[in-house]
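**Q** I am attaching a structure below and will ask some questions about it afterwards.
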Amino acid sequence: MTTTAVTHIASLVTNDPSLGNGTPLGLIQDAAVVIDGDRIVWTGESSKAPATDNVLDAAGRAVVPGFVDSHSHLVFAGDRTQEFNARMSGQPYRAGGIRTTVAATRAASDEELSANVARYLAEALRQGTTTFETKSGYGLTVEDEARALRIAGRHTDEVTYLGAHIVSPDYADDPAGYVDLVTGPMLEACAPHARWIDVFCEQGAFDGDQARAILTAGRAKGLHPRIHANQLTYGPGVQLAVELDAASADHCTHLTDADVDALGQGDTVATLLPGAEFSTRATWPDARRLLDAGATVALSTDCNPGSSFTSSVPFCIALAVRDMGMTPDEAIWSATAGGAAALRRTDIGRITPGARADLVLLDAPSHVHLAYRPGVPLVSAVWRSGQRVV
């Protein structure tokens, strides 16, 4: 295989505390990275880099791991601009919310949906995202949910079955019947196309008992749990996530002390989604409280047409630092290694020998600029699995 060295990196974020300055980011100054095929095979000081077939001079710019976006909803059609405009104008809007997207998604062709996913993922890639999870949840029939997962699987191997996004409009008068569908025929059709199962555990969606039944059924089919938890109100979602060893509890906006302690002591990652609070003018999650309790925190976009229509992880990093109590170091770790932890992956989110060669070259000397210069397109080059893709 051809080897490539990226040299003269001003600041390299490895996410290996044993390297560099000994912090969680494992920062190495004046660094180099060697790529062989799809893997990283060497990191260290630029002056000590081994000979390679190709050399790229970073010219004093920073390199960070590819961003890991562990929560998105990309298989959809249409948009919800009217809803957003009404919300930002302080006007009531009752035209359907998620149901609006469900109707548009059901009406779209496979080709239209796949093209939409490809477009949003290309948009994210240009901003440094090299790993992305995405969900179903805008079909809410057996056929449409399975179709969404098949389409998602063309673009990523981190696919989540979210038949339990809301109760389908077709079952508005029979929510128990819809839970039976989600845990029965829909699960049978969807399980072969997904790695994960998710549920929106919230007032107006699924209560704790329903969420438990859905996640337990999915686990019996080999799908690992994730959960939308405690976004709009206090509720049982976080405690259920920890109890069921869910990989991630997502949103985590309204937390009791017991919720925070459970996340601090368990293996479930608290995935924070600042784009949702930004887009809805809602209360910000308290990242500082979680971090101080010892919780593992991930940052993700929650890219979706209703409450967080952004594919930009750098934007979410800036929000987390400005409004959620995170330091720049904590935010970059959460958007890379934290996202990897939320997907229970050890091959991504870091720049160390053996990891997948996912790198982002910034047009800046330090990762801090991602928060320091919000809205500025700082991504200069992106490698995914050893291939330069931007």
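Cβ coordinates come from backbone N, Cα and C, glycine included.
Note that this is a predicted model, so its numbers are computed, not measured.
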**Q** Same 4-imidazolone-5-propanoate site as R80, Y138, H165, S307 according to Swiss-Prot: which of Q29, Q231, Q239?
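**A** Site partner of R80, Y138, H165, S307 for 4-imidazolone-5-propanoate, according to Swiss-Prot: Q231.
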**Q** Starting from the Fe(3+) binding annotation in Swiss-Prot that includes H71, H73, H228, which of D157, D302, D323, D329 is the extra site residue?
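**A** Only hit among D157, D302, D323, D329 in Swiss-Prot's Fe(3+) site, alongside H71, H73, H228: D302.
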**Q** Three states by DSSP: which one describes D302 (Zn(2+) binding site)?
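**A** SS state of D302 (Zn(2+) binding site) = coil.
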**Q** Can you tell which of the binding-site residues R80, H165, H228 lies nearest to N304 (N-formimidoyl-L-glutamate binding site) in space, using Cα positions?
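**A** Spatially nearest to N304 (N-formimidoyl-L-glutamate binding site) by Cα position is R80.
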**Q** Hey, does DSSP put Y138 (4-imidazolone-5-propanoate binding site) in a helix, a strand, or just coil?
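**A** Where Y138 (4-imidazolone-5-propanoate binding site) sits, the three-state DSSP reduction gives coil.
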**Q** Going by DSSP, is H71 (Zn(2+) binding site) part of a helix, a strand, or coil?
**A** coil
**Q** Write down the Cα-Cα distance for G306 (N-formimidoyl-L-glutamate binding site) and R80 (4-imidazolone-5-propanoate binding site), rounded and given in Å.
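**A** If we compare the Cα positions of R80 (4-imidazolone-5-propanoate binding site) and G306 (N-formimidoyl-L-glutamate binding site), the gap is 6 Å.
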**Q** Return only the integer: C-alpha distance in Å from H165 (4-imidazolone-5-propanoate binding site) to D302 (Zn(2+) binding site).
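**A** With distance taken Cα to Cα, D302 (Zn(2+) binding site) is 13 Å from H165 (4-imidazolone-5-propanoate binding site).
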